[in-house]
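Structure first, then comments.
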Amino acid sequence: MALPYHIFLFTVLLPSFTLTAPPPCRCMTSSSPYQEFLWRMQRPGNIDAPSYRSLSKGTPTFTAHTHMPRNCYHSATLCMHANTHYWTGKMINPSCPGGLGVTVCWTYFTQTGMSDGGGVQDQAREKHVKEVISQLTRVHGTSSPYKGLDLSKLHETLRTHTRLVSLFNTTLTGLHEVSAQNPTNCWICLPLNFRPYVSIPVPEQWNNFSTEINTTSVLVGPLVSNLEITHTSNLTCVKFSNTTYTTNSQCIRWVTPPTQIVCLPSGIFFVCGTSAYRCLNGSSESMCFLSFLVPPMTIYTEQDLYSYVISKPRNKRVPILPFVIGAGVLGALGTGIGGITTSTQFYYKLSQELNGDMERVADSLVTLQDQLNSLAAVVLQNRRALDLLTAERGGTCLFLGEECCYYVNQSGIVTEKVKEIRDRIQRRAEELRNTGPWGLLSQWMPWILPFLGPLAAIILLLLFGPCIFNLLVNFVSSRIEAVKLQMEPKMQSKTKIYRRPLDRPASPRSDVNDIKGTPPEEISAAQPLLRPNSAGSS
């Protein structure tokens with residue numbers, strides 16, 4: 001898993017191209033300054049302090065950088081090492097790898113997700129993509145005589161590559177080793193778009209560091225950037241002598257290389273920040289730890305995959321019944337009829353337009369079939385002429401050495417289908433002509449009629465209710481006035497008060513007829529009653 005999966009996918013799916021053989025690279029050193037970490041498991045659960053193996057003096061080591069900015073060189077030339085193309089050039093900037101005036105080598109392409117700012121690495125990648133596209137166009141665009149259907153190339157294209165299968169198998173093996181459930185039925189999925197690689201720190205109990213690999217080629221610089229780090233604790237960290245940090249809560253152990261330049265065995269990487277390195281030269285300013293790199297795979301069980309792919313049905317919530325009834329009545333009385341009328345007119349117009357479109361489709365099919373019939377007639381005439389010209393050599397097919405092709409006229413099926421379409425169009429046109437917008441509205445009358453009675457009652461009540469109310473009020477007022485007029489004389493007679501007895505009118509039964517009194521003086525009940533003086537009475 002040292003090689004990112006979409007790097008070898010790019011190499012596999014795109015055919016390779018050939019370049020002229022460049023001169024060998026001159027980026028060799030007589031003695032390797034790099035050393036390898038070597039761990040030995042002494043007892044389970046404990047890892048001894050790392051030991052280092054330096055290459056013997058005189059062993060040539062090739063050193064190349066994975067990234068070279070555009071402002072580090074004026075010009076670059078191609079060179080070759082171990083059947084691989086590299087760029088070489090002289091550094092013009094002291095801050096560049098190697099220093100000012102030093103000739104260094106770097107990879108032909110930039111690493112995944114990186115750019116050199118429009119330098120030779122980016123230009124080489126663009127050139128490679130253009131050549132591959134032109135090659136694919138040339139291979140698949142050349143027309144060849146028809147010799148039957150050949151799906152062999154399609155099968156080769158669709159076949160999963162061996163290295164991709166190996167990647168899946170390695171992932172599954174690792175899953176079985178680290179998973180306690182040991183899943184047997186699962187789905188391993190790769191993303192179609194680019195996603196960052198996943199960094200998994202080297203676990204505390206790990207016993208596979210004893211693999212020794214001779215380092216004859218060293219790649220300095222980041223191999224992958226923008227990593228996704230899964231864990232930030234229990235890390236095995238690397239500390240160089242020029243670094244200032246000594247403790248970190250995320251690290252459970254520290255290892256200090258004896259030199260500033262060190263490499264890791266294949267399959268293990270230094271992760272510094274969000275970039276992965278195979279070799280470090282001690283110039284990293286951030287904390288580095290040991291990690292594995294895995295592609296951004298997603299593992300699903302059968303149940304998880306089904307729940308992820310197949311969407312669950314959405315259950316409708318049951319609204320409150322009074323709210324439904326109230327909303328239905330208000331909608332029917334307020335805006336129901338207008339909405340139904342608008343929808344009916346809209347669908348009627350849509351049906352007419354659809355009918356016209358179907359008619360045009362039928363006409364297009366008839367026109368296309370006529371063109372095919374005329375083309376077939378021309379081809380048959382040409383075929384007969386070629387058969388006459390090549391009759392001495394056995395006819396056209398024998399002359400070309402190909403299979404004979406015959407034309408089967410199936411225009412009758414197309415004509416029959418067009419006739420059925422036109423019959424349906426005619427029926428729909430008659431239905432629309434007989435129905436009309438008000439005919440479509442009649443289909444909604446069974447739904448509207450139950451609301452017409454309450455609606456008419458409410459309208460009549462609003463129209464005639466005020467008049468009836470005014471009549472009732474006037475009638476009651478007139479009766480009250482009549483009763484008041486009848487009761488007023490009686491009330492006045494009961495409220496008269498006389499000053500003297502002689503002031504009272506004579507009773508019909510009285511025998512005194514010659515007594516003349518003064519007219520009675522009416523005194524209102526509100527005035528005080530005057531009593532006669534005892535001295536003045538006679």
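Along the chain as shown, the residues are counted starting at 1.
Heads up, the Cβ atoms here are built off N, Cα and C, so glycines get one too.
What Swiss-Prot says about this protein:
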type: SIGNAL; residues: 1-20; note: signal peptide
type: TOPO_DOM; residues: 21-443; note: topological domain 'Extracellular'
type: MOTIF; residues: 186-189; note: motif 'CXXC'
type: DISULFID; residues: CYS186-CYS189; note: disulfide bond
type: DISULFID; residues: CYS397-CYS404; note: disulfide bond
type: TRANSMEM; residues: 444-464; note: transmembrane segment
type: TOPO_DOM; residues: 465-538; note: topological domain 'Cytoplasmic'
type: REGION; residues: 465-484; note: region 'Essential for the fusiogenic function'
For the disulfide-bonded residues CYS186, CYS189, CYS397, CYS404, which one has the sparsest Cβ surroundings, going by other Cβ atoms within 10 Å?
CYS404
Three-state secondary structure, which DSSP defines for CYS186 (disulfide bond):
strand
For CYS186 (disulfide bond) and CYS404 (disulfide bond), what Cα-Cα distance in Å is obtained after rounding to a whole number?
51
For a three-state summary based on DSSP, what are the helix, strand and coil counts in the region 'Essential for the fusiogenic function' (465-484)?
20 helix, 0 strand, 0 coil
Between the Cα atoms of CYS404 (disulfide bond) and CYS189 (disulfide bond), find the distance and write it as a whole number of Å.
47
To what whole number does the mean pLDDT across the topological domain 'Extracellular' (21-443) round?
70
